[in-house]
Amino acid sequence: MKLIVANWKMYLTLRESIALANKVTRYTLHVTRYTIVLCPSFVAMEEVAKVIKGTQIKLGAQDVEPEKRGAYTGEVGLDDLRELGVEYVLVGHSERRRMGETDKLVNQKLKAVLKSGMRPILCVGESWKIRRSGKARGYVADQLRAGLKSVTQKDLKRVVVAYEPIWAIGTGRPDTPKDASEMHMWIQKIIRDISIFANKNRDVPILYGGSVNAKNAGTFLRAPGVDGLLIGRASTQATEFAHIIRSA
Ligand code: PGA
């Protein structure tokens, strides 16, 4: 089943998040073709969890602190997320990497999420400069190998990867479905290289993210190798998101 992940980033207040969660719950009532995951802000998470309770919508987090508990001012820990019923956690989003998150920390977070029984969504993707220089594949492969370092074969099956070219995020300039598809095939190959189960059953789904909207969502979802979408801005507008779900 394809996965559609809504990353609300810091676009919405608590009240707006509750209102949107209510709307999404209503119009996805009969959607069975997709797994839909909402990633609200930490502040909105508890209330959104109440709204989606009993529906097929799942709760996701935008980030996490990998240390168990303790003196980590301002951070949000794994136990809190688990208590709220979070099932998916974004790790290594480029907006966090931009603030100094290293591959090593991304790997720590990913392993901590797995250990807590949740599923990490490992975000990878190159800058425009790298894409232009023809080195995108190597760059993404390095991010994958570093992010998945020393993850057990069993745990690997619970990982989700999101390919999000940085230059396509929030710019209104998405990758072409053809190029995205080629990168997804490449990512499949890298995963096959590090995995004994060879990802035959697509146990590691690969999502595309970066300026997905109602117009292009269907084309991306039909592109070979694309197992779902990670959507930012367009997922925060109720009608746009509804169109995406329907067009998909
Ligand atoms: P966007 O963001 O859909 O607004 O481009 C995608 C993301 O960062 O996950």
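Note: Cβ is positioned from N, Cα and C throughout, glycine not excepted.
TrEMBL names ASN7, TRP8, LYS9, SER211 for binding substrate. Of GLY54, GLY70, GLY170, the residue it gives for the same site is GLY170. Only ASN7 of the binding-site residues listed as ASN7, TRP8, LYS9 bring a Cβ under 6 Å of any atom of ligand 1; the order follows the sequence. Listed in sequence order, CYS39, GLY60, GLN62, LEU90, HIS93, GLY209, LEU230, ILE231, GLY232, SER235 are the same-chain residues at least 6 apart in sequence whose CB falls under 8 Å from the CB of ASN7 (substrate binding site). The Cβ of TRP8 (substrate binding site) has SER17, LEU20, LEU38, CYS39, PRO40, SER41, ALA44, GLN62, SER235, THR236 as same-chain neighbours under 8 Å, each 6 or more residues away in sequence.
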